[in-house]
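Notes for the one structure printed next.
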Amino acid sequence: MENSTHYEVFRLAAYGDIGQLKYFYFAVVTVIYFVIILANALVIGVICIERSLHEPMYLFLCALFVNQLYGSTGLFPALMFYLLSDTHDISLLYCYLQIYVLYTYAITEFCNLAVISYDRYISICYPLQYNNIMTPKIICGLILLPWVYSFFINAIIISLSLRLQFCGNVLDRVYCDNYSVVKLACSNTMLNNIWGFVVTVLSFSCTIFPTIYSYVRILQICLKSSKETKQKAFNTCTPHITSLLNFSFGCLFVILQGRYDTAHLPAILRTILLVYFLICPPLFNPLIYFNISPL
């Protein structure tokens, strides 16, 4: 183990010295955060108040929007604070808390999108059995399971990171992420790497693969169905596919920046790509799903 130092803070170096532009960036971020809160809260309120929307699909969408508010709150207040602050130091405690919130948001988002794809699969492929399959107990389980899974998985991630000793405290980010924190460690990170691999494989197995299977089966059914059924399936599945791709690309941007040197890119572009998965899905999903209707 290399010489380590007991650090009490991490420094978020991505903010840099932006001078008077910080007020412009602060105004932009504040407006975006306000729009995200307003749009998602409005859709959640409509779903809760309108009894005709108390159907499985809309309840799953409500869970998606709640998670988006949760994830946005993990980024925006801190982002707004550090944009105006002269120092960009973040305590270890708050750093780990932010990691926990952002990671639970990301995993829960993927899980919620997988649940929505499963709902579409049952609705299109087994329309007559839909109400028998989607019982209140199953619906509650599909809403709660993503949260329980992501909270448990990330609690282990944080506990493994808490034991690390660090050789540096500078993160080239505007927020804390576990991969960047682990890279600063002097102590053995083998357990962190193994668990990270396990989480990645498990999460993909439980979300991406079932989603792909659901849409392959939906496509098979649509090829045998009438033009009207194909149109209805297209109308109800397109918003979900759009939001899934939007969020997936955002996560891919973060992963690629962590694994490859992107110093040749403009700083503002690197920052936008880093926060894309936290800004664009919560901002655009209420619009994407606004006109969706059940089959």
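Every residue gets a Cβ built from N, Cα and C, even glycine.
Worth saying up front: this structure is predicted, and the values here are computed from it rather than measured.
Residues annotated as transmembrane segment in TrEMBL: 23-46, 58-84, 96-118, 138-162, 194-216, 237-256, 268-290. For 39-289, the entry in TrEMBL reads domain 'G-protein coupled receptors family 1 profile'.
Segment contact holds for the transmembrane segment (96-118) and the transmembrane segment (237-256), given three or more CB pairs below 8 angstroms at sequence separation of 6 or more. Stretch with the most C-beta contacts under 8 angstroms to the transmembrane segment (23-46), considering only 58-84, 138-162, 194-216, 237-256: 58-84. Among residues of the same chain six or more beyond the transmembrane segment (138-162), those with a C-beta under 8 A of the stretch's C-beta atoms are 56, 59-60, 63, 67, 96, 99-100, 103-104, 107-108, 111-112, 115, 118-119, 178, 181-182, 191-192, 195-196, 199, 202-203, 206. Per-residue pLDDT, averaged along the domain 'G-protein coupled receptors family 1 profile' (39-289), amounts to 90 for this model.
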